[in-house]
Amino acid sequence: MPKVRTKDIMEQFHLELVSGEEGINRPITISDLSRPGIEMAGYFTYYPKERVQLLGKTELSFFEQLPERERKQRMMSLCTDITPAIILSRDREVPKELIEASNENGVPVLRSSLKTTRLSSRLTNFLESKLAPTTAIHGVLVDVYGVGVLLIGKSGVGKSETALELVKRGHRLVADDCVEIRQEDQDTLVGSAPELIEHLLEIRGLGIINVMTLFGAGAVRSYKRITIVMNLELWEQGKQYDRLGLEEEKMRIIDTDVPKLTIPVRPGRNLAVIIEVAAMNFRLKRMGHNAAEQFTSKLADVIEDNGQDE
């Protein structure tokens, strides 16, 4: 699980540290935020203390109406030993009870000028991205006509050479050899290259080349959503390959099923063109145009008409 600490969100969103400085290295383990409205009323039975706490105008205006004794109790209960941070929006004034409780328990109190809903949305998106489940796959990720194509297959089958040809044809390289994948949403997989090999491509007999240096900034991308997987495998005599395009394979990556095509490799086949056409055909299918289904439907009509004539 990737690690995010309180100081990371401080730096990302330029938050002002008000108190509790000793806790800025506390880990944030969940992307959900908490707006402790019911807790301000004194109900802490289901208080999600492991979440970042966000205080807006509603929570603070209610807090100001509480008796002084209760105010101190509420803030002491709010600042636990595992609470990553308490953030105030709209540059609201920090209650002195909160400053005292945060210093005593080492809970960072931060302040932002953003509106509560805006801050909540940006924080959630940032944390979901950073805390998303991740994995790494041996393959090549290329952006082909806006479609994120993940090329997989045994070592030496020609993935990198195919990627180089695609780059020459105007498409963009995301990652070669090792693709780091994170699941940002239920059906959203985003791939990127490890920092060490970003923009690099290994070609056997040629060595390592820097795609951005050779072809320019327009030939690379830092990350791309994975839309389809293409498995390159050496052509096996006698093996049946899909010739109509009606059968749809799936490959499970983390918790997401991604459409998968198996493309046999043999001398004379232009893989780059095949992958381009596969990407365009995939886009057409998503727009409701399926050539294989249309052909099958027409064929069935012809067979039915011939049967009636007889």
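From the backbone N, Cα and C atoms, a Cβ is placed for every residue, glycine too.
Given the ranges 18-23, 30-35, 54-59, 264-269, the record in Swiss-Prot names 264-269 as region 'Important for the catalytic mechanism of dephosphorylation'. Remote same-chain residues near the region 'Important for the catalytic mechanism of dephosphorylation' (264-269) are listed as 153, 157-158, 232-236, 239, 241 (criterion: CB distance under 8 Å, separation of at least six residues from the stretch ends). Between the CA atoms of Asp177 (active site, proton acceptor) and Ser160 (ATP binding site) there is a gap of 8 Å. Non-local contacts of Val157 (ATP binding site) by the CB criterion (under 8 A, 6+ apart in sequence, same chain) comprise Leu232, Glu233, Leu234, Val265.
Less than 8 angstroms from the CB of Glu202 (Mg(2+) binding site) sit Ser160, Asp176, Asp177, Ile208, Ile209, each of them six or more residues away in the same chain. Look at the Cβ of each of the binding-site residues Ser155, Ser160 and count the other Cβ atoms within 10 Å; the largest number goes with Ser160.
A sphere of 10 angstroms centred on the C-beta of Gly158 (ATP binding site) encloses 18 other C-beta atoms.
Sequence-distant contacts (6 or more apart, same chain, Cβ under 8 Å) of Lys159 (ATP binding site) comprise Gly139, Val140, Leu151, Ile152, Gly153, Asp176, Leu232.
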